[in-house]
Amino acid sequence: MTALRTTLVDTATSGKARLASDRWRGAPYLLPALIFLGLFFLAPLIGLLLRGILEPTPGLSNYAQLFANSAYSKVLFNTFAVAGLVTLISLLLAFPLAWAITLVPRGWGRALLGIVLLSMWTSLLARTYSWLVLLQASGVINKVLMAFGVIDQPLEMVHNLTGVVIGMTYIMIPFIVLPLQATMSAIDPMVLQAGSICGASPWRNFFRVFIPLCRPGIFSGALMVFVMSLGYYVTPALLGGAQNMMLPEFIVQQVQSFLNWGVASAAAALLIVITLALFYVYLKLQPESPAASATAR
Amino acid sequence: MNAVVRENQPSSVLVSLRNLNKHYGDFTAVDNISLEIRDGEFLTFLGSSGSGKSTTLSMLAGFETPSSGEILVSGSSLINVPPHKRDIGMVFQRYSLFPHLNVRDNIEFPLTLRKMTTAERQKRVDAMLKLVQLEAFAHRRPAQLSGGQQQRVAIARALVYEPRILLMDEPLGALDKKLREDLQDELRHLHRRLGITIVYVTHDQEEAMRLSQRIAIFSHGQIVGLGSGYDLYQSPPNAFVASFLGNSNFLRVKSVANASASFEGQSLTTVPVGGLTAGQDVLLMLRPEKIRALSVEAAQQTALPSGWNEISAKVREIVFLGESLTCNVVTPGGTELTVKSLGSGLQNVQPGADVRVRWAAADACLYDQWNDADLSKGAGAH
């Protein structure tokens, strides 16, 4: 929690204008990290991008092939729809949870936060498989619903996008709860009292004062979840079906089944470009840094 | 207050607190308070922290629900009215501005919650910005303002919707002394100009004196003194108020007859007090500036005016404080007295010298009941 908040504050101060001489004072200390990133991240990334335009023959044929293929545009649509839906649902679920963690007495809040963190630290595969157990046609949920007579035949909740959305939402909730809870606990409760004495009913106070003050946490959490969802592989691969693929599955399929490195690289490059574009939009939409309200306290 | 006041000014009472109580478990924060706040007055709740003044204010604002009792505004109960429907303005100790809105939007916020045309809103916000002299800062965020400016925004935000009552919870506590005094003057002028009812909470008695028409002194959840600063200071209703407000000397005397008492074997003249029996312990209170200390020679040259008392004492310490001179003296019986002199009357007196201490009987206050703990400063908190 503390670590998260300090990084947020750091970005806030670095955003402010500083003297030019000060700006590069600490630069030499960046070197080890830069060398590491250059060797193990940038170099392979450039290699990947080059593959997209060099294999099998130099040119933009891979991209042409991608855009000509309607299956690919469907994959792209699936990816964005799932990522958007996952972000929205996790926001709706994480907001009350973060609020509860902030409001309940100290010890209980920490216990709740512990549960959130624990679920995050548990193996991703184990958690995804347990959803498979829960959601499949002969799974617990279907059996219970059928026993109570709510449904006549099992719901198809797995091996399709529904399963993907359910599984991924569960996995993404902590990534919204953590920044949101940090933002909420930094809000001065007296500001909400001020809102109500000014004449704001509880509802209006919530939408006009509380939500705007939570905005930095909502934005950073939602962005993190959306971007992570775009590139998520394990959960869609296990809970999704062969019919409705997401982009990472498509890339893996191109590499593993068709050994089509060129198309896979082109698809990956597109994913990176889209992510960067979204990040730019986020920065534009969010004039104040994520820590703005936290520091204004 | 009482029947007489009500008959003279029938519409004068705006807020009535009746037998108000607030308990937190076993702890009694507010203990059976009854108080009437007049329309248009500047009333201050004065007390040390934990004396119940802020809790009372919170109940008035609606953030706390009374355990029992009644709050009436213009005759109708506020108990079940939520804060946002009370039509009360409030200024908080740490300003509590909306950090995501600029100055103008902060002031406009209460108006956006009310049915009002945009033009009317603009007009009111402009008037408020002018009133608190922040026109040039209208587009700044609260974080970009100094403490004094933030507090002025908070005042503007509380006044812009013209509430019936303005509550202020130690609004100047976080500011430095000079700025605090400037804002105190501004507040007093603002109150005079707008004629709004202000209930102000502070632990700073000088601030209470400077601002308010009436002061309610809180101690252990009760109001132990109510009146103008002048009355409370000159004739405190009890020993606690005497000790809490300003500086005071306490002499333990024994009542002899209706208007006389004895102190360490010396006979004193007092104002006549009914209901005292001879031999009863009485506490006599003297303000330091009401006492004169004269050297033995000077005392011989100046006759004791009628209605004055004189006792002998020894000077322990003299402290020069610029505008005044403070002299600590000890009586033969060991009672310490502080004498404050504005003139040069004490110039010839040296520490260790014998002096004659004089005061007019009319300047002393007598109490037949008191709690020894009340006589020390800082009493009143739980």
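Placement of Cβ uses the backbone N, Cα and C atoms for every residue, glycine included.
Under the heading transmembrane segment, TrEMBL lists A:29-54 (among others).
For A:75-101 (among others), the entry in TrEMBL reads transmembrane segment. Distant neighbours of the transmembrane segment (A:75-101): 109, 112-113, 116, 161, 164-165, 168-169, 172-173, 175-177, 180-181, 184, 214, 217-218, 221-222, 225-226, 229-230, 236, 244-247, 249-250, 270-271; these residues of the same chain sit at least 6 beyond its ends, with a Cβ under 8 Å from one of its Cβ atoms.
As annotated by TrEMBL, domain 'ABC transmembrane type-1' applies to A:76-282.
For the transmembrane segment (A:107-124), the list of distant contacts is 1, 97, 100-101, 170-171, 173-174, 177-178, 181, 234-235: same-chain residues at least six beyond its ends, Cβ to Cβ under 8 Å. The feature transmembrane segment is assigned by TrEMBL to A:107-124 (among others).
Same-chain neighbours of the transmembrane segment (A:131-151): 157-158, 163, 166-167, 170, 238-239, counting only residues six or more beyond its ends whose CB sits under 8 Å from a CB of the stretch. The transmembrane segment feature in TrEMBL is assigned to A:131-151 (among others).
Taken from TrEMBL, the feature transmembrane segment covers A:157-180 (among others).
Beyond the transmembrane segment (A:218-239), the same-chain residues lying 6 or more positions past its ends with a Cβ under 8 Å from any Cβ of the stretch are 8, 79-80, 82-84, 86-87, 90-91, 94-95, 124-125, 128-129, 131-132, 135, 158-159, 163-164, 166-168, 171-172, 175-180, 183, 211, 245-249, 252, 271, 274-275, 278-279, 282, 285-286, 290. Annotation comment: TrEMBL describes A:218-239 (among others) as transmembrane segment.
What TrEMBL lists as transmembrane segment is A:259-283 (among others).
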